[in-house]
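Copying in the features that TrEMBL gives for the protein in this structure:
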TRANSMEM  208-229  transmembrane segment
TRANSMEM  241-261  transmembrane segment
TRANSMEM  273-292  transmembrane segment
Amino acid sequence: MTEIRSAETALIEADRLLASVNETDTSTALWKSSAVYPLAAILLAVAHDSGGHPTLAAIHNVAAQPDAGPNNSGVLDWLWAAQACPNEMLAEALRQASATHVRQRDSIKSVILEALLNEMGAKIIAAHPADTSSHVFDEQRHAWITAHAGIFTFQKRRAALLNRKLHDRDRGRIGLHLYQRQTPRARAAGELYPPVEPPPLLLRGLEFVIVAVAALAAPIGWIAGRLLYRYITTLVPEKVRAYPISALLWAAGLAMTPLVLTPSAHWPTPVQLWLLAQGPAIFLVAGIYGILEGWLAVEGSTAWWPPASTAPKPESR
């Protein structure tokens, strides 16, 4: 951001940030004009507190908490910004905005937040112009896993770990904690990540039975299938558009065909059958991991084979 050492610079920067907010209706234009001086006061206060170099993280925290007050002393608020702002005219404008009706104040805050988020998005795109890793689908996968976790703790834990990865990536790129994926209770408690509530004890026993049966039936297939899953995800989206769930499940079924069609007189012994079943289990486990990891939410994962990626390769310098 621009170095801010005067009220004039703060007003220019506030105008620039607010210009990115789309005017969907006439009221948005009104709130944009009302937000110029409060945002300039916040910019100048944060810059004054940090030697002229405001950070999006600090500005976001001020704008997001207009009445944090003594209940959240660790979070900067509008009253703090009004006191820290060295320009009395801007400070008074922020105090007046803080004292308005809650709906008016929230409208001003919403416009400021949209302007800041637009700036953050522009910085992310500039820093990471083309994300060619499978992480680009983490948001969709997290939403699917959370919605379909049901009673299973391992799925809730999987969603929580992916949620943590998303939060950590946000903070690493932007330098602040975004609250969109937090539950209201976790946000009120000041928790970085929402807790995973365990299901009833009997249902946890069901999970143990499922895992034990799978481990006994296909230990080799499980390990190899997990490795196959990890390898395929390295190909998404650079080589293929999505994870090939359907192809893997069909491959498992086709690999089982020789065992099913073998005449009963020539059937292998139980030990031989167990060993032969490890091959189809590799594809079955890789397909199941694709489902458990939320790839059904990504378009193309249920096709016979995901379409090849059409993203242009980065030019070599």
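Positions of Cβ are set from backbone N, Cα and C atoms, glycine also.
So where do these features actually land, and what's packed around them?
Packing against the transmembrane segment (208-229) from elsewhere in the chain are residues 154, 274, 277-286, 288-290, 293: each is 6 or more residues past its ends and has a CB under 8 Å from a CB in it.
Counting residues 6+ beyond its ends, the transmembrane segment (273-292) has Cβ neighbours under 8 Å at 145, 155, 158, 217-218, 220-222, 224-226, 228-229, 232, 243-246, 248-249, 251-253, 255-256, 259, 267, 301 in the same chain.
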